[in-house]
Every structure is written in structure tokens, then in C-alpha cells.
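As annotated in Swiss-Prot:
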type	residues	note
ACT_SITE	THR12	active site
BINDING	ALA167, CYS170, THR173	Na(+) binding site
Amino acid sequence: MIHHDSSKMYGTTILSIRRDKNVVVIGDGQVSLGHTVIKSGARKVRRLSGDSVIAGFAGATADAFTLFERLESKLDKHPGQLMRACVELAKDWRMDKYLRKLEAMMIVADKSISLVITGTGDVLEPEDGIAAIGSGGNFALSAAKALIDVEGISIEEIAKKAMKIAADICVYTNHNLIIEKIEE
């Protein structure tokens, strides 16, 4: 569980939806310091490893950037092996005295797999291809699960609708969305 420290920057929602070899990762742009919005257009969904991996973060912003750098390093050591790179990152996260204090979570995806990396160093693969993290994560997750079986709606449309619902409910999530996708 991420505990809020009013001196750190927090607040976001990240959602990932996978259908076959297509995946979408979407996040809002709000950064909050305590209970104040300090930025509305932050980019918390990014491409890594030569654009073959998409990563989104929730939690303390500075901590998340540290994790992005570490993950990029692990991906360089284990190219094309997202699971292995994430497990190696999680091991470091659990064992390193400095990293253990980081307050962030990540969703990472490539053409084959989607994973959630938690603040306790767990690496989890969602059973149904849908994962969400952050302050509005449960709202986005619920909406995406409700829409996933609707005929004729793309995963990108589902992601946008789910994030709109999350942003309408969660005060730490806004409507400025960044979306990245990998399509077959």
C-alpha cells in the first residue's frame, strides 16, 4: 500500500488492456503534491527498450523515474525478456535498502505479456489481460472489465471510456490522457 506523504508528488491512474497480441497502456496527466494539483499534463506512460516495451507508473514521481531507469537497465541486460527483466528489478527492489523505500508501482507490457510490479517487489501477470494501478485504478479496472466483452468496441475505446469514468470519480486523476499501444 502506498502511504501519502504530503511532501511527495502523487496521484494518477494507469490502465492496461490486452487482447491477443494487442495491448494498450493509458494514464492520466495529473500530479498532486498533498491535496494540491501541481501539474495536469505529466507523461506517466512511456516507451522503453527501443519502443518495444510500454511502461506506466503510479506513486511518487521521483521514485517512479528511478524505477524506469532501473527497468531500462534490466531490459538492456535481458533484451526481449520482459518477464526476466521485471523479476530482476523486483529482486533489487526487495533487497536494496534504498530501493525498498521507493513508493511507486508500475505496469509494463510488450507484445507478449503484461505485468504489474508492486511496491513490495511482486511481479504479477493479470489473468484476464486487464490491470490498473494508482488512486483511480479500481474505478478504471471495474469499468474496463465491464466493457471488455462488449462486441465491436476496441481495447483503445474501452481504455478511454474506463479512464473517463476513473477521472470523473477520483480527485487524483484527470482527463488529460496519454495512450500508448502495441498492435500486431
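Any Cβ shown, glycine's included, is placed from N, Cα and C.
Predicted, not measured: the structure shown is a model, and the values here were computed from it.
Give me the structural setting of these features: burial, nearby parts and distances.
In the three-state DSSP assignment, the secondary structure recorded for THR12 (active site) is coil. A 10 Å cutoff on Cβ-Cβ distances gives THR12 (active site) a total of 31 other Cβ atoms nearby, all chains included.
In this structure, THR173 (Na(+) binding site) belongs to neither helix nor strand by DSSP; it is coil. For THR173 (Na(+) binding site), the same-chain residues lying six or more positions away in sequence with a CB closer than 8 A to its CB are GLY11, THR12, THR13, ASP28, GLN30, GLY134, SER135, GLY136, PHE139, MET163, ALA166, ALA167.
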Specify the count of other C-beta atoms within 10 Å of the C-beta of CYS170 (Na(+) binding site).
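Its Cβ has 21 other Cβ atoms within 10 Å.
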Hey, what's the Cβ neighbour count for ALA167 (Na(+) binding site) at 10 Å?
21
When you average the Cβ positions of ALA167, CYS170, THR173 for the Na(+) site, which other residues in that chain have a Cβ within 8 Å of that mean position?
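Here the nearby residues are THR13, ASP28, GLN30, SER135, GLY136, PHE139, ALA140, MET163, ALA166, ASP168, ILE169, VAL171, TYR172, ASN174, HIS175.
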